[in-house]
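**Q** The structure follows.
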There are 2 protein chains.
Amino acid sequence: MDFTFLGTSAGTPTRSRNVSGLALCHSGPKPWYLVDCGEGTQHQLLRTRYSVMQLRAIFITHIHGDHTFGLPGLLTSASMLGRSEPLDIIAPVQVQRFIEAAIDNSDSSLSYPLNFIDSETPGFCWQDDHFQVSSVALSHRVDCHAYVFTERNLELQLLRDKLRQNGIEPGPGWGELQKGNDVTLEDGRLLRSEDYTRIQRVPRRVIVAGDNDNPELLTDSSDGTHVLIHEATYTRDVADRVGPWPQHSSAEQVARFAQQVRLPYLVMTHFSSRYQSGPGGAPHINQLAAEAMQHYRGQLFLARDFDTYRLEKDLSLSCLTSSTPT
Amino acid sequence: MDFTFLGTSAGTPTRSRNVSGLALCHSGPKPWYLVDCGEGTQHQLLRTRYSVMQLRAIFITHIHGDHTFGLPGLLTSASMLGRSEPLDIIAPVQVQRFIEAAIDNSDSSLSYPLNFIDSETPGFCWQDDHFQVSSVALSHRVDCHAYVFTERNLELQLLRDKLRQNGIEPGPGWGELQKGNDVTLEDGRLLRSEDYTRIQRVPRRVIVAGDNDNPELLTDSSDGTHVLIHEATYTRDVADRVGPWPQHSSAEQVARFAQQVRLPYLVMTHFSSRYQSGPGGAPHINQLAAEAMQHYRGQLFLARDFDTYRLEKDLSLSCLTSSTPT
């Protein structure tokens, strides 16, 4: 299960960080899923292995432009490439209005169906073969959600000894049982897959949160979650100076929460453009890491554009080499 | 008079070419003018000396997304930076609808007034201290215009000998006359600036054309024009294969026109993404230059992203070094 940051800057792009976008996939980039789509997301994708042709669904956390203004370009480019597969867009209704206005007022049309799903529907749940995706309401200036990606259809382990004990010899039936299908033997016996298989591991779960000034809203969902991707727009001193209006989190706030719920991995993103990576007078991005590490004893990462992370089946997370240094 | 290409790709961005955008200024980047604003224009600007804070006006040639989808992000980023100066947007009315829908559906507001001017108004003319800008209707799938930038308020040369012959001695009055102001002497004589000054040179003129399959529509405007910036989406063989529907020009077509009207400088842009700069199987971008040179004996340039051109007062055009090689 991989995810790649397409943008890690809050509000406006910088020379090294685009506005929000995250590509996620289960076992290779066909299909893949996009969370948020700031302006320039299609440009960032040109530098990754993800293609708009294999994009299965777009999840939008909230309506702010740094999370949505890349949609018209991405959608129409997919059309120019000849996409025909339907595309799900899970988003607030305003996003649908924005996309429709963009298409209507640019002489555009799409070569494929868009399937809009209102992210604010109570009890929202989306799924395909790879993931079940639920949402958690967050606290921001506008309605905003986290999306919880939980792996589905985990591989089954065949209980070979039990099969043999019951006189069922190896054959095509074993394969069907392992795929999760029930089997009727020639002698009429019905074998249930669930009786002869077991799931060997827990499903991997990643939360991708939108903008949010109250991480504790994720407490319930954190149970069984291995990775939390959450904004940390400011250090605490800057957050205090800026005041509560923007409704963002400080690094300290997110770190304290992650520690409290014992999350194994925390990846912070959506940094104010005031934080820079190079030398100079600007506050350094590492201040955010230093602050978070004072309050969190799990493994902490600061996202950079094009960083790809892999969550293995053994639930270990690693950051693969960034293809474009920031 | 400088102009910088922010995007030179048709329809969709490539790794080295963004979609359309051109920054233009008279004598330094304060103020400056933007022609077209494809997605990612604000990102490109971060790598130039142009700031959205000093942008005076945006001219949109037509409503297609590769010329407009960067507007919401650029406008809201200017607001986040605290811009207060009004901004003129010269564009078809659909662009106003698109921008308003983007703002309304993203919880955005602007810290400065937008002044929409319908580019399809007959007899359109815009001016400030530096430029007069008129438009020419082109031929494309949707209404499309070229913008003709003509320098205004050229520096005046004082006719010193004539002043002395008329008994007017050097003093503050000379300065006023040279600024174009009439002066009343102490003895009551009124001196008209136009009687004691002359303009030493012709005004520089650049045409920035939008998408267009009929360059001859620019014939009348080419008189007195020094530089034509025009799309050349395809070589002629590709244009023939694609057929007339997209309503773009081939390199041959534009070059023949530029030769016919004896334009000194032709800068081609808006290349189909099939043309590449590197080695490999794709048709090379130089095919467009080779084709054009067969039909045009003026000086030809193929635009690259971030190339900056300077049109001097002596009417010579040069391409300054590209800050980012393509």
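Cβ coordinates are placed from backbone N, Cα and C, and glycine is handled just like the others.
Please treat TrEMBL annotations as automatic predictions, because they have not gone through curation.
Quick paste of what TrEMBL says about this protein:
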type     : residues                             : note
BINDING  : A:His62, A:His64, A:His140, A:Asp211 : Zn(2+) 1 binding site
BINDING  : A:Asp66, A:His67, A:Asp211, A:His270 : Zn(2+) 2 binding site
ACT_SITE : A:Asp66                              : active site, proton acceptor
**Q** Report, as a single number, how many Cβ atoms besides its own are within 10 Å of the Cβ of A:His140 (Zn(2+) 1 binding site).
**A** 22
**Q** Out of A:His64, A:His67, which of these binding-site residues shows the lowest number of other CB atoms within 10 Å of its CB?
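**A** Result for the binding-site residues A:His64, A:His67: minimum number of other Cβ atoms within 10 Å at A:His64.
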**Q** Taking the Cβ of A:Asp211 (Zn(2+) 1 binding site) as reference, which residues of that chain separated by at least 6 in sequence fall under 8 Å from it?
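**A** Listed in sequence order, they are A:Thr61, A:His62, A:His64, A:His67, A:Leu138, A:His140, A:Arg141, A:Cys144, A:Glu231, A:Thr233, A:Gln247, A:His248, A:His270.
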**Q** For A:Asp66 (Zn(2+) 2 binding site), write down the residues of its own chain that are at least 6 apart in sequence and whose Cβ falls under 8 Å from its Cβ; none is a fine answer.
**A** A:Ser9, A:Ala10, A:Gly11, A:Thr12, A:Val19, A:Ser20, A:Gly38, A:Glu39
**Q** Compute the centroid of the Cβ atoms of A:His62, A:His64, A:His140, A:Asp211, then list the same-chain residues not in that set whose Cβ lies within 8 Å of it, in sequence order, for the Zn(2+) 1 site.
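**A** What remains near the Cβ centre is A:Thr61, A:Ile63, A:His67, A:Leu138, A:Arg141, A:Val142, A:Cys144, A:Gly210, A:Asn212, A:Gln247.
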**Q** By the criterion CB under 8 A from chain B, which of the binding-site residues A:His64, A:His140, A:Asp211, A:His270 would you report?
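**A** From A:His64, A:His140, A:Asp211, A:His270, the ones near chain B are A:His64.
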**Q** An 8 Å radius from the center of the A:Asp66, A:His67, A:Asp211, A:His270 Cβ atoms defines the neighbourhood of the Zn(2+) 2 site; name the other residues of that chain inside it, in order.
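**A** The answer, listed by sequence position, is A:Ala10, A:Gly11, A:Val19, A:Ser20, A:Asp36, A:Gly38, A:Thr61, A:His62, A:His64, A:Gly210, A:Glu231.
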**Q** Would you count the other CB atoms within 10 A of the CB of A:His270 (Zn(2+) 2 binding site), including those on all shown protein chains?
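**A** For A:His270 (Zn(2+) 2 binding site), the 10 Å Cβ neighbour count is 27.
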**Q** So for A:His62 (Zn(2+) 1 binding site), how many other CB atoms are inside 10 Å of its CB?
**A** 26
